[in-house]
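Here the structure is laid out as C-alpha cells; the discussion comes afterwards.
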Amino acid sequence: MNPNQKILFASATAIVIGTIAVLIGIVNLGLNIGLHLKPSCNCSRSQPEATNASQTIINNYYNKTNITQISNTNIQVEERASREFNNLTKGLCTINSWHIYGKDNAVRIGEDSDVLVTREPYVSCDPDECRFYALSQGTTIRGKHSNGTIHDRSQYRALISWPLSSPPTVYNSRVECIGWSSTSCHDGRARMSICISGPNNNASAVIWYNRRPVTEINTWARNILRTQESECVCHNGVCPVVFTDGSATGPAETRIYYFKEGKILKWEPLTGTAKHIEECSCYGEQARVTCTCRDNWQGSNRPVIQIDPVAMTHTSQYICSPVLTDNPRPNDPTVGKCNDPYPGNNNNGVKGFSYLDGGNTWLGRTISTASRSGYEMLKVPNALTDDRSKPTQGQTIVLNTDWSGYSGSFMDYWAEGECYRACFYVELIRGRPKEDRVWWTSNSIVSMCSSTEFLGQWNWPDGAKIEYFL
C-alpha cells in the first residue's frame, strides 16, 4: 500500500475500535442501571420509618463501600436513642479473690514508642466496652516536653481514653475533655465527662454529655476546684459527682452535685461526720452509690460518702475498722474511729477505694505505710461499722519492692449475671519524684476483677527498667 492507503487503513481501524469501546461502555452502563433498578431493590431515598431505619439503610446500601460508615453511624444513633438509663438493681457478687483484668505496660512500651505521659488513670465502662482513662500531659515519655511532668496542673493536660490493656499513644487515644482533674461515667444512653481547668484560684469545670459541652461550674472557694479522678456512677439517669474546693491541709468546701444528661438537678454541701474529702472512688449497687475518699488533712482512715441518687441525699462517716488504708499512715491500732479521722497522715494521702458489703467487704491499700509502694487487698468483714474488725483473708497485687500509686473502683454495670462483679485498678507510678534519674513522671495501669473462686496470687509490677531511659 502507498502512504495514503496506510493512513486511511489505520484511521479506519481506530474508528472501529473506538466504536466497539463506546458500545461496550453503553452496554455496561445499561447492565448497572438494570441491576440497581431491579424490582427486589427498594431504592427510595425518602426517610425510612423510625422503627426500621437501620434495616432499610442496610438493604439500600449494603454493597456500597463508600456508604458503610454512614450506615453504621445511623445504626448507632438509633441504638443510642433506644437505650434505657442504667438502673442499679443488683448487689455485689461474692468476692473470694481477684483475677487479672487489664494491664497496659505503658512505661515499658514507651521506652521505644510514642506513648503519652499520663497520671491519675482509671477504668470506666459503657454498654459496648470498657476503656482505660487518664489525664495526659500533652507529651510522650521520650519527648523533650516530658521534663517537668511531675506537676499536676497545666494547660496541656486532657482527659483521654484508649482501648483496654493497650498503652495510650498519640494514635489510639481519644480526647474526652480538657483539664487537669476529671471524672467520667455512662448513664446507659450516653457518657458524661467532667474536666476542670484554670489557675488554682480561678478554676472551673465543664460538663460534657454525649461529646458536647452542656454545663459549666465556677470555683466557689478559689482554691483548686477538683473532683474524683475515677469514674462516677449513674442510676436512672442521675449521676452524683463529688467536688472539693479549698485547702488540702485544712477545712475545705465539698459539694455533691447531681447531674442528668449533663445538667445540674441539685447540689448540696457535705453532711455527716467526714472532716475532709478528696478524690472519691465510687461504685453503685442496689439503688445506692458508695464513695470511699481521701482525707488529706487529718485522717489515715478513709471517709465514706453514701449517696441515695433517687432522693438525691447523702451522708458521710469514716470506715470504722482499725485497718487503716491511706498512705502515709501509722501502724494499725486496736480500735478504729467511725466518726473522726484517725491521726497520722501528716497532711498527706493517696487516692484509694473499698467495697463495703457487710461480710463481703474488701479494702485496698499500699503495703508500705510510708511510701506509695506495694499493693494488697484485704477482706475485712463489716469494716464500715465494726471498729474492731480485722482482716480474715488477703491477696497481694504488687510487691512492696515495686511502686504503686492511686487506686480506685469500677464496675461493668452492663455485664451479664445476677450480681455486679467488683473491679479495681492500681496506678503504677514511675519516674519522679522517687526515680529522679529521669525528668518525667508517668504511670502504667493494672486492673483486677473479683472472682467467686479462690485463685492464686502473683506480682503485677510496672516492669520498666529506668536505666533503659538514660
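From the backbone N, Cα and C atoms, a Cβ is placed for every residue, glycine too.
Given the structure is predicted, the values throughout are model-derived calculations rather than measurements.
When Swiss-Prot is consulted, the disulfide partner of CYS423, picked from CYS338, CYS449, turns out to be CYS449. With ASP295, GLY299, ASN348 listed by Swiss-Prot as binding Ca(2+), the candidate from ASP308, ASP326, ASP332, ASP386 annotated for that site turns out to be ASP326. The disulfide bond recorded by Swiss-Prot for CYS293 reaches one of CYS280, CYS282; that cysteine is CYS280.
Mean pLDDT, taken over the topological domain 'Virion surface' (28-470), works out to 92 on the 0 to 100 scale. According to DSSP, GLU279 (substrate binding site) sits within a strand segment. Note on proximity: of the recorded positions ASN202, GLU279, TYR406, the one nearest GLY299 (Ca(2+) binding site) is GLU279, by Cα distance. The full span of the recorded substrate binding residues, ARG119, ARG153, GLU278, GLU279, ARG294, ARG372, taken as their largest Cα to Cα distance, is 21 Å. Considering only the recorded positions ASN87, ASN147, ASN202, GLU279, ARG372, TYR406, the residues lying within 10 A of ASP295 (Ca(2+) binding site) on a C-alpha to C-alpha basis are GLU279. Closest to GLU279 (substrate binding site) in space, going by CA atoms and restricting to the recorded positions ASN87, ASN348, TYR406, is TYR406. Across the fold, the C-alpha of ASN87 (N-linked glycosylation site) and the C-alpha of ARG372 (substrate binding site) stand 36 Å from each other.
ARG119 (substrate binding site) has its Cα within 10 Å of the Cα of these recorded positions: TYR406, taken from ASN147, ASN202, ASP326, ASN348, TYR406.
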